[in-house]
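S.K.: I have a structure here, written as structure tokens, and I will follow up with some questions on it.
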Amino acid sequence: MSEQVVHSEVQPFSARAALPWLVSLGVYATVLILGQRLLNDPDSYSHIEVGRWIMAHGALPASDPFSFSMHGAPWITFEWLSEMVYAGVYALSGWPGVVVVAAAAIALAFGLLTFFLLRELSPTLTLLMVIAAVILSAPHMLARPHVLVLPVMVTWAAALVRCMDRGGAPPYWALPLLVLWANLHGSVVLALGLIGPAVLEALLREGRSGWSHVLLRWLPFAALALAASCLTPYGPEPLLMPLTTLGLGPALAWISEWRPQDFSRIGGFELLLLAGIFALSRGVTLLPSLRPTSPGRGPCSTIIPSAAI
């Protein structure tokens, strides 16, 4: 009687496949450990309360129901969907649930960023880029609407970069992301702004003789992107939110994320900026690790997902 031994081939461990999961889990665990810091913003209270008001009344408020000085003045809550998410989670599990949801969105965003960057860069360079993005994003990791839109933001930017890499048609499949983005947070105008570099690269790649073809391919996409961004209860008004904020005058100085960069002190941004300048001065470039650079494609298209965060 003979014994038959079946040998199965052991698949080698792939750092490239595991890295997005490891980054996502690492960020999630870290943010949960520091979960109390996610609540270090008084706006979290107002967002939850507005969400509770919406669910209680089954409608969006036409004016701020909690304002004393501007009671009855026209007002739009362009982050209504995020506010309903936070309010629903708070009703189910209180502040721990709010922290868990915000941490999950942040972790998903960085996991996606890692996944998309690995298409272009080696695992080492990808990890460096993600660490830089984490450092830059750390002050903004709060239980507020903008963290819920981060995964959408990264996916949209990566879709445009993928299209730039291949020199193909615009990513029409990604247009529904703009509808979600526009109802989660008022920064959807940034999504439209990212179309510009994609069109510019397509024009540079094709040369002057192919400009008409490029414009015929991208203008319908840009028009549909604009239309998708307007699919909110308030129509196109959320797109004007940045202009409205810039028109606040002296009051704008009280909004920290809208202040100009302060170079009078050294922080994470300043250190990374100096490191980037030093790297460029030494001739360091970001080149794809899997395939050659397509004609006319610059290294900045690789960085767009990081810049999006």
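Any Cβ shown, glycine's included, is placed from N, Cα and C.
Automated prediction, rather than curation, is the source of TrEMBL annotations.
What TrEMBL lists as transmembrane segment is 21-39, 94-118, 125-142, 172-195, 215-232, 239-256, 268-287.
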S.K.: Sequence-remote contacts (6 or more beyond its ends) of the transmembrane segment (125-142), Cβ cut-off under 8 Å?
M.R.: 19, 23, 27, 31, 37-41, 43-44, 102, 106, 110, 113-114, 117-118, 257, 268-269, 272, 286, 289, 303, 306, 309
S.K.: In the same chain, which residue numbers or ranges, 6 or more beyond the ends of the transmembrane segment (94-118), come under 8 angstroms Cβ to Cβ?
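M.R.: For the transmembrane segment (94-118), the sequence-distant neighbours (Cβ-Cβ under 8 Å, at least 6 residues beyond its ends) are 16, 19-21, 23-25, 27-28, 31-32, 35-36, 38-39, 44, 48, 85-86, 125-127, 129-130, 133-134, 137, 141-144, 147-148, 150-151, 153-155, 158, 161-162, 302, 305-306, 309.
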S.K.: I need to check the long-range neighbours of the transmembrane segment (21-39): which residues 6 or more away from its ends have a CB within less than 8 Å of a CB in the stretch?
M.R.: 95-96, 98-100, 102-104, 106-108, 110-111, 114, 127, 130, 134, 141-143
